């Protein structure tokens, strides 16, 4: 109860200013003005990349038909234009692209697909680790072990991103949630692209068909989750995995990737509990092998992909924590990227150093990551010329940094900081 009362006191003392409120405008004109004033740079090529994936997916998807796809495209365009919905859909655009591309995989003609690798993963497993770890862990089964594997793999795995999004919104610095959304989306998008270019059979295929060559006519299998269906008298996992758009997507393991990325973000916000978060990663890795869905080498690939995406986001965009602050409403300014230490950042804020560009800003200190110096050009220009948590200025401001920190934020800033993302 003491922790809860302390949290309530902190929340009551917070300056919950207008910059943390939802944008409620339905007028699309501010979005068009933002686009018109955007300082375009090579970093905006990411949207060309996303558009290319969406166009490819729309070409190959057979259901829904043309008008269905046209209607969805129009709704998405409206959602990205109207400020009320833009603050949600803009940070999620990468996740939406990944989901549509993942769904489109079931419609890709077989003549466009590369051959399926059946022997590569078990061979690598034996070469690197001296044995097939997945086979060893799945030999002994028991209903209790099935439940222990099902809870994180079949339940927590799918709910964790939403729970973590809520936690990051409340307890992380403003701007962390959109960084999490984009990092999560890009990790999954790259993972699916690798699975499309390098299709590999999972352990359940070896158990069912041996090392015989595979074809795309083979349907997916729930593996060990079939025992969960039998235990509860359902067919949820059997039906779900049998109709999966990506049957031969063993490498990299996005189950391991999700768990690792979740652990990295939570460890960033709650470093004291990082061992618990990484313990969950190990637990889920055991589940994937016990349920015959992945080889250990798949898990390594998925975790490496998550680490690469997180490090990139951390260096360039992830807001820094500040000592003594727990809730997002306690932050008066935010520094993006980790080119500077927390001590140096706090010192810059106290002294009003010109290297600190306002309430929420990048630092142009020479010791920062070199690439960070041009990140202001990546962001959409704020036509009101106001600073807010999650925004950048379209032109250098003459006032000192200390004055900028004390200025009230723009009332048009979203709680998701969506309109100012690169």
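In case you wondered, yes, glycine gets a Cβ from its N, Cα and C as well.
Summarised as a single figure, the pLDDT of the topological domain 'Cytoplasmic' (1-47) averages 72. Look at Swiss-Prot and you will find 1-47 (among others) tagged as topological domain 'Cytoplasmic'.
The annotation transmembrane segment is assigned in Swiss-Prot to 48-68 (among others) on the grounds of sequence analysis. Within the chain carrying the transmembrane segment (48-68), a Cβ under 8 angstroms from the stretch's Cβ atoms is held by residues 93-94, 97, 100-101, 103-104, 107-109, 189, all 6 or more beyond its ends.
Annotation comment: Swiss-Prot describes 69-85 (among others) as transmembrane segment.
Per Swiss-Prot, transmembrane segment is recorded for 88-108 (among others), and the stated evidence type is sequence analysis.
Feature annotation from Swiss-Prot assigns topological domain 'Lumenal' to 109-159 (among others); the stated evidence is similarity to another entry.
Here Swiss-Prot flags 132 as N-linked glycosylation site. Same-chain residues at least 6 positions away in sequence with a Cβ under 8 Å from that of residue 132 (N-linked glycosylation site) are, in sequence order, 122, 125, 126, 295. DSSP assigns residue 132 (N-linked glycosylation site) to coil in the three-state reduction, placing it in neither a helix nor a strand.
Per Swiss-Prot, transmembrane segment is recorded for 160-180 (among others).
Marked as transmembrane segment by Swiss-Prot on the basis of sequence analysis: 184-204 (among others).
What Swiss-Prot lists as topological domain 'Lumenal' is 205-245 (among others). Counting same-chain residues at least six beyond the ends of the topological domain 'Lumenal' (205-245), those with a Cβ under 8 angstroms from any Cβ of the stretch are 102-106, 110, 113, 116, 118-119, 122, 135, 138, 141, 143, 146-147, 149-150, 153-154, 290-293.
The transmembrane segment annotation in Swiss-Prot covers 246-266 (among others) and is backed by sequence analysis.
The topological domain 'Cytoplasmic' annotation in Swiss-Prot covers 267-274 (among others). Counting same-chain residues at least six beyond the ends of the topological domain 'Cytoplasmic' (267-274), those with a Cβ under 8 angstroms from any Cβ of the stretch are 167-168, 171-172, 176, 314, 318, 321.
Under the heading transmembrane segment, Swiss-Prot lists 275-292 (among others), citing sequence analysis as support.
As annotated by Swiss-Prot, transmembrane segment applies to 293-313 (among others), with the evidence given as sequence analysis.
Residues or ranges marked as topological domain 'Cytoplasmic' in Swiss-Prot (evidence: similarity to another entry): 314-422 (among others).
According to Swiss-Prot, the phosphoserine annotation covers 353, on the basis of experimental evidence.
Per Swiss-Prot, region 'Disordered' is recorded for 386-406.
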Please give the sequence-distant neighbours of the transmembrane segment (293-313): residues at least 6 beyond its ends with Cβ less than 8 Å from one of its Cβ atoms.
121-122, 124-125, 128-129, 132-134, 153, 179, 182-183, 186-187, 190-191, 194, 200, 202-204, 223-224, 250-258, 260-261, 264-265, 281, 285
Beyond the flanks of the transmembrane segment (246-266) by at least 6 residues, Cβ under 8 Å:
102, 105, 116, 121, 152-153, 157, 160-161, 164, 167-168, 176, 180, 183-184, 187-188, 191-192, 194-196, 198-203, 205, 214, 216, 218-220, 273-274, 277-278, 280-281, 284-285, 287-288, 293-295, 297-307, 309-310
By DSSP, what is the split of the topological domain 'Cytoplasmic' (267-274) into helix, strand and coil residues?
7 helix, 0 strand, 1 coil
The topological domain 'Lumenal' (205-245) - residue tally per DSSP class, helix then strand then coil:
20 helix, 0 strand, 21 coil
